[in-house]
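Trainee: Take a look at what TrEMBL says about it:
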ACT_SITE  K68  active site, proton acceptor
BINDING   S19, L20, S21, T64, N89, D104, Y213  shikimate binding site
BINDING   E80, G127, A128, G129, G130, A131, N150, R151, T152, P153, E154, K155, I211, G234  NADP(+) binding site
DOMAIN    11-91  domain 'Shikimate dehydrogenase substrate binding N-terminal'
DOMAIN    118-188  domain 'Quinate/shikimate 5-dehydrogenase/glutamyl-tRNA reductase'
Amino acid sequence: MISAKTKVCCIIGNPVDHSLSPQMHNAAFKALSLDYVFLAFKVENALKALSGFRSVGMEGIVVTVPHKQAIIKSLDSLDEAARKIGAVNAIKNSHGILKGTNTDWIGAVKSLEEKTILTGKKVALLGAGGAARAIIYGLKKKQAEITLFNRTPEKAESLAKEFGLARTGSLDDINKIRQNEIIINSTSVGMEEDKSPIPAGAVTNQLVFDIIYTPHKTRLIRIALEKKCPVVYGYKMVLFGGTEIFKFFTGLQAPQKIMEKALLKNLH
Ligand code: ATR
């Protein structure tokens, strides 16, 4: 029962109506009988929203596109991951002190680690945007060898320089992509249109991870499945990023299976 004591958490984004965070976190709160509720707010001005959240004592805030970077300047503290990635995806309100973190990198690493060991693996990372930054941070922690492939070479080069990566390439360089053991798509290609960011010929026997979770089976994932490659679905990154957020907000171990069930139920 929601009462005056119920702790309120939320997600802010624009748009936000596609978000699965409310279903995932409310299922987890219910499973552990916690007096918490999780809501979604479509927010245009994140800084104004944050000032409101401070005054009403919002317990935790999940942050999604387009606010992940801009909101940083209004927080009281950031952990190392959020600082290095340059974006936050969750904020915890500890007695009026707003602390920012970024769990996207853990989401990506844990998703891949269900299928492989990352240390020393050659990874073709497609894309050089915000999502790529979190993935690079995670893969570097695991000492994977990253080559960054992007449509706009200058963006790949500048990101590679910032994170100390030795190699970059273009999305149509089939031979160079083939030299890797893992392919990760962090571009937005495949979300709106049934397209793959790379030619089918670049996929041979790699582990293929597409961070896009709608549709569940992107064109890239379907190419990989046809070639009998192991695959990692995008919803896993939402799940493992989400279980870390649950721990960050409540201090408790997340009920992972329950959260996964809630996600899958709402994806199909
Ligand atoms: P996010 O925060 O989700 O990473 P982003 O920062 O806008 O979003 O980055 C989007 C990524 O998808 C970029 O790498 C972008 O490539 P560019 O750097 O060349 O813009 C990539 N991307 C978007 N549309 C693309 C397309 N049609 N073909 C290839 N790459 C595309």
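For all residues, glycine too, the Cβ spot is worked out from N, Cα and C.
A TrEMBL annotation is a machine prediction, not a hand-curated record.
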Trainee: Between the Cα atoms of E80 (NADP(+) binding site) and T64 (shikimate binding site), what distance do you get, rounded to the nearest Å?
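Mentor: Taking the Cα atoms only, E80 (NADP(+) binding site) lies 19 Å from T64 (shikimate binding site).
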Trainee: On a C-alpha basis, identify the one among A128, G130, T152, E154, I211 that is nearest to T64 (shikimate binding site); the candidates are the binding-site residues.
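Mentor: So, spelling it out, the nearest of the binding-site residues is G130.
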Trainee: Mind computing the max CA-CA distance among S19, L20, S21, T64, N89, D104, Y213, which the record assigns to shikimate binding, rounded to whole Å?
Mentor: 17
Trainee: Counting other Cβ atoms within 10 Å of each Cβ, which of the binding-site residues S19, S21, N89, N150, T152 scores lowest?
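Mentor: Fewest other Cβ atoms within 10 Å, among the binding-site residues S19, S21, N89, N150, T152, is found for T152.
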Trainee: Of the recorded positions listed here (K68, G130, I211), which is spatially closest to L20 (shikimate binding site) when Cα positions are compared?
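Mentor: Sorting the recorded positions by distance from L20 (shikimate binding site), the top entry is I211.
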Trainee: For each of the binding-site residues (E80, D104, E154), count the other CB atoms lying within 10 A of its CB, then report the residue with the highest count.
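Mentor: Answer returned by the neighbour count: D104.
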Trainee: Check the recorded positions L20, K68, E80, N89, G130, Y213 for any whose Cβ is under 6 angstroms from an atom of ligand 1, and report them in sequence order.
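Mentor: If the test is a Cβ under 6 Å from any atom of ligand 1, the answer is G130.
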Trainee: Among the recorded positions K68, G130, N150, T152, E154, I211, report those whose Cα falls within 10 Å of that of N89 (shikimate binding site); none is a fine answer.
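Mentor: Qualifying among K68, G130, N150, T152, E154, I211: K68.
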Trainee: Across the domain 'Shikimate dehydrogenase substrate binding N-terminal' (11-91), what are the DSSP residue counts per state (helix, strand, coil)?
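Mentor: Output for the domain 'Shikimate dehydrogenase substrate binding N-terminal' (11-91) reads 33 helix, 18 strand, 30 coil.
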Trainee: If I restrict to non-local contacts, at least six residues apart, and a C-beta distance under 8 angstroms, what lies near I211 (NADP(+) binding site) in its own chain?
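Mentor: For I211 (NADP(+) binding site), the qualifying residues are A108, A131, I135, I184, N185, S186, G234, M237.
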